[in-house]
Amino acid sequence: MASTTTCTRFTDEYQLFEELGKGAFSVVRRCMKIPTGQEYAAKIINTKKLSARDHQKLEREARICRLLKHPNIVRLHDSISEEGFHYLVFDLVTGGELFEDIVAREYYSEADASHCIQQILESVNHCHLNGIVHRDLKPENLLLASKSKGAAVKLADFGLAIEVQGDQQAWFGFAGTPGYLSPEVLRKDPYGKPVDMWACGVILYILLVGYPPFWDEDQHRLYQQIKAGAYDFPSPEWDTVTPEAKDLINKMLTINPAKRITASEALKHPWICQRSTVASMMHRQETVDCLKKFNARRKLKGAILTTMLATRNFSAAKSLLKKPDGVKINNKANVVTSPKENIPTPALEPQTTVIHNPDGNKESTESSNTTIEDEDVKARKQEIIKVTEQLIEAINNGDFEAYTKICDPGLTAFEPEALGNLVEGMDFHRFYFENALPKINKPIHTIILNPHVHLVGDDAACIAYIRLTQYMDGNGMPKTMQSEETRVWHRRDGKWQNIHFHRSGSPTVPIKPPCIPNGKENFSGGTSLWQNI
């Protein structure tokens, strides 16, 4: 029998040196190409620990990095697969993080910030021209080529980058770093290249004053700020920033992605292309001082989060009851709040709010300068939560057509109204869409409380949650119904379909009775129809 030849090209051609960094499945080490003596950084991935989906991500990252050749992007020189390991050979960048370099400078002005963001925009523009969205622009991924004065800024880490066609907008999953996420990602809307420009706006804001535009200890409140575009230019630090700089930030931090400035447009902005005459040359000592604190906070909280991830007990029951020793956790996930306090909604518009904490713990955003998406797992879980929201919205809207698109024709269900019987198919549910749901004329607000998603391979998932439904009864009094639900999802032809659900507790949405004596509504003790889907 012929023996299989194992590739040893990396081992033969490269010599490894000290460790430069470490990830969950990878380590970065300095290396030298033996024939030339040229030094590089080798990202070494332990492929024995990777799932099939992780392998796809690795291939995508290598494919994207091979495509991008630009002086402001860390370049991939080689991609080699050996038994048990994959090697990505990158530029060796020795200048450290851009933000750390800025605080070590004796002089730093608005014009310097303009030069920094210009290089970042050049890298982003190159990505976008090649159909690549980075999705994780943040200070940790902005490096300097060397320690020399005036060294080029280099964009790094394309682990979350995606490939898009032209100006394609789609839901690519919930990925990024909390303070840099765009409103459309937080709304779980289709998104594309504009998400990178939003992150550039956040970075530029920090470059000018040393602190971020959106900030809150509580992640939910932080996300509300971002979705509302709630930032300002407070005195006195912003009084010395030119109007042109503020104008560029406003154009980058535009809530509507269709109206947000593009990378190529930003490069033509006067504050960028006419820097010498437009940007201020005044030294910004307060910015440097604030940036030092910002950097220290990033590093400290990053270290705490790393420790937590390494030592966390992932038992959901324990984590709901006990905080890890020595770590303060802002655990407000079980508090039900209404989005009406911050975002006005039409009176009769059915709403679905997700208040969740998939792992049972919720760290404060101060510790969350780490990229969301445990390599893609969280994005996939968010996909399941999103499609569950869509299904419940279809129910609230009485939209049977939308409901059937999300559900498998052979949907099976256990629910109180079926009296202990297993219901199969759509006819049982059709009755309620055609006869009960059209009679709803009151506001309905559905809350998915604390959903837990279990992924079963690449194409199946199970979600369990508490479903709260708020409504106004016939007397104008607010009421709330609760049920516990579990739904099983299966992906067919790239689309998720609900194949089974199990609901306990009370039915969810009260419906006006078809016939009420004396024309009086009676939700408190009279007969009522109930939604059963």
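Cβ coordinates come from backbone N, Cα and C, glycine included.
According to Swiss-Prot, the listed position annotated as phosphoserine out of SER51, SER367 is SER367. Range 283-292 is the one annotated as region 'Autoinhibitory domain', of 183-192, 213-222, 283-292, 523-532 (source: Swiss-Prot). When pLDDT values are averaged over the domain 'Protein kinase' (14-272), the model yields 93.
Other Cβ atoms within 10 Å of the Cβ of LYS22 (ATP binding site), summed over all protein chains shown, number 11.
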